[in-house]
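Visitor: One structure, as structure tokens, below. Some questions next.
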Amino acid sequence: MQLCYQNTQITKLVNNWHTQGKTVAFVPTMGGLHQGHLSLIDIAKQKADKVIVSIFVNPAQFSKNEDLDSYPRTINADLTALKVNVDGVFIPNIKQIYPKGISKYIDVGKIGQILCGRTRPHFFNGVAQVVEILFGIVRPDVAVFGQKDYQQLLVIKQMVKNLSLNICIESGEIIREKSGLAMSTRNQYLSKNEAKIATNLHKTLSYFKHEILQNKKVYVLNELAKLDLKQHFKIDYLEVLDANNLKQITDNTHQIVILSAVFLGSVRLIDNIIFKKG
């Protein structure tokens, strides 16, 4: 495993692999690695000859009142987890990514203005900005993202299409704790009791899916699910949308996604369930 701290180092490494006819898969992360990240690396290993992981806590996707300063930074544990799994790790500092400061704007379109984009209007611009920069530095053939951040996944796919980037975007399913809680770096913020309460998010979404498949009215189910969630959380959103484009479902919708973001105390949790209509 090769460690690269400079843009020139990682670019040279990947160029050498490409010269040898090797394909390269890329898994961008902010560190705080868990089994969910490792599952994406497993997919990357299946899709390419070489795998690069980046660790960079991106300030552009945090607003002033969010957890940039307290976001878990566990670089030693992360490198231990990666040692036998990847070929290279890119650990840039902020000057490598934003040499002229954070100023570039990427229009992510309507898909970035709904759901998380409504209450975190800065977020997807920041994500798209850093991902485009990382793609330009690493120049992978394949990049792998998790479905837990489903809206982010679609935003990145749209960005790649808009910019005509020759990168195949792959996705990995949500990895869950035995309790059903979706694995997330921010789960470290939860107390033991809060972690138990947090499992109710997935339980509610699972029941919502079950009832949709019984052909019950979605708008009625949505209100009932919100009542259920309000017993445990402060709701940011709960919506049922077309999984292909995050538009409202119709009779012609084949794949559905139920998405939700909630607050448990100060911790923001997101989750989703994707399924075929039946």
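Every residue, even glycine, has its Cβ placed from backbone N, Cα and C.
The structure displayed is predicted, hence computed values, not measured ones.
Swiss-Prot feature annotations, pasted as is:
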| type | residues | note |
| --- | --- | --- |
| ACT_SITE | H37 | active site, proton donor |
| BINDING | 30-37, 146-149, I175, 183-186 | ATP binding site |
| BINDING | Q61, Q152 | (R)-pantoate binding site |
| BINDING | Q61 | beta-alanine binding site |
Visitor: Quick check for you: of the binding-site residues Q61, Q147, I175, which have their Cα within 10 Å of the Cα of the residue listed as 'active site, proton donor'?
Guide: I175
Visitor: Within 10 Å of the Cβ of L33 (ATP binding site), how many other Cβ atoms are there?
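Guide: I get 25 for this one.
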Visitor: Whole-number answer please: how many Å between the C-alpha atoms of L33 (ATP binding site) and Q152 ((R)-pantoate binding site)?
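Guide: That separation, Cα to Cα, works out to 18 Å.
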Visitor: Given a separation of at least six residues and a C-beta threshold under 8 Å, show me what packs close to T185 (ATP binding site) in the same chain.
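Guide: In sequence order, M30, G31, G32, L33, H34, Y71, P72 meet the Cβ cut-off.
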Visitor: Could you check which of the binding-site residues (G36, Q147, I175) sits closest to Q61 ((R)-pantoate binding site), going Cα to Cα?
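Guide: When the Cα distances are compared, Q147 comes out closest.
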Visitor: Within 10 Å of the Cβ of I175 (ATP binding site), how many other Cβ atoms can be counted across all chains shown?
Guide: 18
